[in-house]
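What TrEMBL lists as transmembrane segment is 21-41, 53-69, 76-95, 101-120, 132-149, 176-196.
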Amino acid sequence: MIIPPIFGAIQSIRDRLEKRYIAAYLALTVVGMGSWCFHMTLKYEMQLLDELPMIYSCCIFVYCMFECFKTKNSINYHLIFTLVLFSLIVTTIYLKVKEPIFHQVMYGMLVFTLVLRSIYIVTWVYPWLRGLGYTSLTIFLLGFLLWNVDNIFCDSLRNFRKRAPPILGVTTQFHAWWHILTGLGSYLHILFSLYTRTLYLRYRPKVKFLFGMWPVVMFEPQRKH
């Protein structure tokens, strides 16, 4: 998930959207690049470049979701301070303890926060966004589930793939599915957050497909009468 968010960021710049959404798209690109570097090198430094941006990008997502219903270009300094402090604490502790479970729990907390906020929006504010909201959540959470299954049962799955037919072994590469599903789910989540925001700002958002295959949010300012 490297190139599509770049297109999303470019479209956000063209539409003069708030910088938080440009940051969200670019943060997702950084996560994709970090994961790519780690899996090419399998070095610890590249692992950090893969895992820590997951925390940082999720913090940006949280900020976007909780600022959807504020005035245009408003800045919530208290929330920014809280999320930056959270990121610094997680980074410091993780660099010292080097415990993957700690990273998974902290990341899970952020994901849980996003899930609750998304459910609130599609239940009480914009029920007609349930399709996009629940699709992004389902895809992302399925990837998150497979990631944890792969972490817990890694040895068992590896032994199973040695005995299983190649085509069946591919389907049990849950770590690969984690990257695909969470990347797609994160991208759709940004679209959901952006759609919610532009609705609140009284724009007319539409999901269109770049090159006939990749969704982006485009809109027109509401006409004045």
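Using N, Cα and C of the backbone, Cβ positions are placed for all residues, glycine too.
Bear in mind that TrEMBL entries carry predicted annotations, made automatically and left uncurated.
Residues of the same chain lying 6 or more positions beyond the ends of the transmembrane segment (21-41) and with a Cβ under 8 Å from any Cβ of it are 1-3, 5-6, 8-9, 12-13, 47, 49-54, 56-57, 60-61, 64, 179, 183, 186-187, 190, 193-194, 197. Taking every listed stretch (76-95, 132-149, 176-196) in turn, the largest tally of C-beta pairs under 8 A with the transmembrane segment (53-69) is reached by 76-95.
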